[in-house]
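**Q** Okay, here's the structure, questions in a sec.
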Amino acid sequence: MLSSEPNAALLQRTAGEGVVLVDTDPEIVPDRGGRAVLMNALRILVTLAIVVAVVFAVKSQWAEVRDTIIQLDWWALAVSAVFVFLGMGAAVRAWQHALGALEHPIPAFDAARCYLVGQLGKYLPGSVWAFVLQTELVRRAGVSRANGFVAVLVTVGLSITSALVVGLLALPALFHISTVAAVAVIVLVPIALVCCYPPILTRLVNLALRILRRAPLHRQLTMHKIGRALGWCAVSWVLYGVHLWFLASSTAGFEAGTLVQCIGAIALGMCAGVLVVVAPSGIGVREAVVVAALSPFMDSGVALGLALASRLVFTLCEVLAGFVAAIAGSRSLRNALVHEDARVPQPS
């Protein structure tokens with residue numbers, strides 16, 4: 001006999017399954033709304049704290065920061081912006097090849113739209129919004145949300161792995177700043193590379209698909225496909241480093257040693273910005289790593305000015321690229337610009 005009390009559990013009989021206990025008590029359902037509000041408040045507080053810290057850092061070295069930004073030549077800003085756009089193009093290719101390796105090839109035009117528009121989500125508190133937006137955009141390109149989410153995770157993992165490897169270029173300077181941070185990078189590099197080894201990465205991907213109740217990959221990931229995605233990720237970090245080098249050379253002159261340091265610094269800085277998800281677009285985190293990596297070669301105030309100038313150039317380029325990609329996403333324009341040959345072929 002069923003209880004008439006409002007908080008009682010009900011018994012339901014389903015065909016072939018016997019008696020099932022169904023909880024109808026609304027008070028027992030966990031309240032996720034309060035937790036979400038609390039987490040959002042925490043992200044906002046952390047973001048504000050980071051912004052305040054950046055403001056105080058700039059204020060304490062304002063003379064050097066101001067002089068550095070004023071001394072930047074217009075041509076250096078223009079050339080550095082070109083290399084940011086080139087780095088974005090390499091990142092789009094990495095994203096496209098990662099999707100192709102996971103048996104979800106999409107045209108280059110759609111890959112660019114998913115990546116460039118999705119990148120704008122990282123400016124919200126909590127960088128995970130970029131991943132959420134990219135997952136939704138890739139669904140519109142014909143990939144299910146679950147598979148798109150796995151593809152995003154794999155792409156982020158490959159990007160972080162390549163950033164750690166390229167970041168080894170900044171290791172000597174990093175040892176001067178923090179031995180712990182340098183050792184952490186050295187330890188993480190082999191772990192990340194092992195996770196990218198195709199048989200292991202295949203198992204990790206299939207595990208994620210099983211959790212999401214999706215069919216596993218039809219075939220094992222290949223070194224060729226994963227290697228191409230990793231290679232394009234590395235190219236993007238190098239191009240971003242050249243962007244920073246042109247800014248630095250505008251004030252300190254062109255030196256090969258500075259180029260190597262800038263490449264490693266931007267790779268580690270942007271990698272740290274991705275990992276610290278509470279900071280929108282890694283604000284403050286990227287700058288701290290870049291300043292730390294460049295400080296052995298120049299005054300810390302100059303390094304901070306360059307880091308802030310780099311942030312400004314990146315923001316303008318990402319917003320412009322995302323805006324253009326969103327506008328160019330109309331069906332008629334896409335059909336006019338893209339054909340079937342733009343797809344990454346299915347892995348063999």
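Glycine is treated like the rest: Cβ placed from N, Cα and C.
In TrEMBL, annotation is done automatically, which means it is predicted and not curated.
Straight from TrEMBL, here's the annotation block:
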TRANSMEM  41-62  transmembrane segment
TRANSMEM  74-95  transmembrane segment
TRANSMEM  149-175  transmembrane segment
TRANSMEM  181-205  transmembrane segment
TRANSMEM  226-246  transmembrane segment
TRANSMEM  258-279  transmembrane segment
TRANSMEM  312-329  transmembrane segment
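Could you tell me the structural context for the features on the list?
**A** Cβ atoms under 8 Å from those of the transmembrane segment (74-95) belong to residues 108, 111-112, 114-116, 155, 158-159, 229-233, 235-237, 239-240, 242-244, 246-247, 249-250, 309-310, 313-314, 316-318, 321 of the same chain, restricted to positions at least 6 beyond its ends.
Within its own chain, the transmembrane segment (226-246) is flanked in space by residues 76, 79-81, 83-84, 86-88, 90-91, 93-94, 97-98, 101, 155, 158-159, 161-163, 165-166, 196, 198, 201, 258-259, 262-267, 270, 290, 306, 310, 313, which lie at least six positions past its ends and keep a Cβ under 8 Å from the stretch.
Below 8 angstroms of C-beta separation, residues 77, 80-81, 84-85, 88, 109, 112-113, 116-117, 119-120, 123, 243, 247, 281, 337 of the same chain, each at least six residues beyond the ends of the transmembrane segment (312-329), sit close to that stretch.
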